[in-house]
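A.B. asks: Please read through the structure below; I'll follow up with questions.
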Amino acid sequence: MTQEELFGLLHEVAHPELHNDIVTLGMVENPVVTDDKIQLTLLFPRSRDPFALSIKKRCEELIAARFPDYSGKVSIFIKEAAPKKAAEKKEQKPFGGEDGVRRILAVSSAKGGVGKSTVTANLAVALSRLGYKVGILDADIYGPSQPMLFGVEDYRPEGEKKDGKDWILPAERFGIRIMSIGFFIDPADALMWRGPMATNALRQMIRQTLWGPLDFLLIDLPPGTGDVHLSIISEMSITGAIVVSTPQKVALADVVRGIAMFRNDKIDIPVLGLVENMAWFTPAELPENRYYLFGKEGVKMLAERQKLPLLAQIPLIQSVRESGDAGRPVSAKTDAASEYYDLLANNIVRELP
């Protein structure tokens, strides 16, 4: 193991209260890595930090799992002291090829089952129709949906060597470049990809995908606010976040936590606005009627309370589901349903600096 590999491993350990990993927080002091031992000190700013022992244990478990040869040779000390100022974030060079990616947008839901992945897919195509070059990074380890939504389930990434570096080639359909964790695993195994396995796979996808020049890279985040989110945030310069939810109260409670994560001082990612998905249902035989199956305007009211833009209200439309099941996002064609995603795309572009 090298010191660089050790730091890469410790990037996966987050402080639950400070909402960032211990390396970025400057909590790792005096790391020593030799052939026969690993030694480091963890700095905690307050006396008897309730997370100190669990963080130490997490570090030990990660090292033992990844580098079993060091079993019994790891010494981790806990020290009460102000964390050293983490190295200031260097200006990140564009990744994904020589021309790189201009803007990275995180699409979050906090709550599962609200249609985040469908919104991501259709937003990508709508942005493409506006003339932008767009890619999707499907980071939803609990259920990667983008391969099915774009009809590329059978795609297996190939490698390419460029400028002395090994790259992974994304799939491409409807003008959208797609890289998904689903390309590397059997769908039945997705739920097993947690913790170190997931963060390492995502880190490789982020660093090695040959996106080429993109105006927008959309990240389809998994539900929740856990380690995977922190890993992605630490790896990428995210331009802004979009939060998707249904108007249902049980979903909105999680949205508030998701917004708080992005607004945390240690993360500080602008929330561009909220999207109310499945806002209402209008049957074809009663085109003037709206049925609010999940509650009425819950996301709209939350946006007002949070002082955030409501980027779009998207109804529950049968053709959206049918198009997704067929591997052809509904926004790839011009009809009444695609207009909602066109509006969303235009509103997002307006919110960007």
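The first residue you see is number 1, and the count goes up from there.
Cβ atoms here come from the backbone N, Cα and C positions, even for glycine.
Below are the features listed in TrEMBL for this protein:
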type	residues	note
BINDING	ALA110, LYS111, GLY112, GLY113, VAL114, GLY115, LYS116, SER117	ATP binding site
DOMAIN	4-68	domain 'MIP18 family-like'
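Each of these features: where is it, how hidden is it, and who are its neighbours?
C.D. replies: Around ALA110 (ATP binding site), a 10 Å sphere centred on its CB holds 25 further CB atoms from the protein chains shown. DSSP assigns ALA110 (ATP binding site) to coil in the three-state reduction, outside any helix or strand.
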A.B. asks: Which number gives the other C-beta atoms within 10 angstroms of the C-beta of LYS111 (ATP binding site), all protein chains shown included?
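C.D. replies: A count of 22.
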A.B. asks: Counting only residues 6+ apart in the same chain, whose Cβ is under 8 Å from the Cβ of LYS116 (ATP binding site)?
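C.D. replies: Set apart from LYS116 (ATP binding site) by at least 6 residues yet with Cβ under 8 Å, we have VAL107, SER108, SER109, ASP140, ASP220, LEU221, PRO223, VAL244, ASN277.
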A.B. asks: What does DSSP call GLY115 (ATP binding site) in the simple three-state scheme?
C.D. replies: coil
A.B. asks: Do you know the DSSP helix, strand and coil residue counts for the domain 'MIP18 family-like' (4-68)?
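C.D. replies: Per DSSP, the residues of the domain 'MIP18 family-like' (4-68) fall into 23 helix, 17 strand, 25 coil.
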A.B. asks: Taking the mean position of the Cβ atoms of ALA110, LYS111, GLY112, GLY113, VAL114, GLY115, LYS116, SER117 as the ATP site, which residues outside that list, in the same chain, have a Cβ no more than 8 Å away, listed in sequence order?
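C.D. replies: Close Cβ neighbours, site residues excluded: SER109, PRO223, VAL244, SER245, THR246, ALA251, ASN277.
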